[in-house]
Amino acid sequence: MKSVQFCFLFCCWRVICCKSCELTNITITVEKEECRFCMSINATWCAGYCYTRDLVYKDPARPNNQKTCTFKELVYETVKVPGCAHQADSLYTYPVATECHCGKCDSDSTDCTVQGLGPSYCSFSEMKE
């Protein structure tokens with residue numbers, strides 16, 4: 001029986017430790033309206049699980065802040081979008097996470113919706129790799 005308990009605890013520990021909030025590689029789609037097409041690029045962003053809870057009884061004296069895996073530090077990188085008209089600005093600047101943590105989602109700089117457009121959304125039909 002002790003070996004079963006140990007195995008259960010080990011599996012729980014493994015899930016918590018391995019799926020924590022951390023940097024991960026993602027592919028995002030960038031677009032410039034002036035260029036009329038999209039381009040896929042690789043970037044680093046935060047992904048994983050954070051301990052959170054949703055109270056059954058809402059207490060106004062105790063705010064219910066859900067924690068999410070989000071960036072703690074980020075830098076901006078710039079890529080040149082090919083195929084733009086000569087007068088158009090062909091540079092696209094995007095954020096790249098360098099450090100992650102579990103914290104409150106900042107809606108001023110992050111899409112905090114339950115399901116956003118997603119990193120591969122493109123409003124144009126033509127896609128460049």
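Cβ atoms here come from the backbone N, Cα and C positions, even for glycine.
Which of CYS21, CYS35, CYS38 pairs with CYS84 is settled by Swiss-Prot: its disulfide partner is CYS35.
The disulfide bond recorded by Swiss-Prot for CYS122 joins it to CYS38 [selected from CYS18, CYS21, CYS38, CYS46].
Between CYS21 and the candidates CYS7, CYS69, CYS105, Swiss-Prot records the disulphide pairing with CYS69.
Here the Cα atom of CYS21 (disulfide bond) is found 16 Å from that of CYS112 (disulfide bond).
According to DSSP, ASN25 (N-linked glycosylation site) sits within a strand segment.
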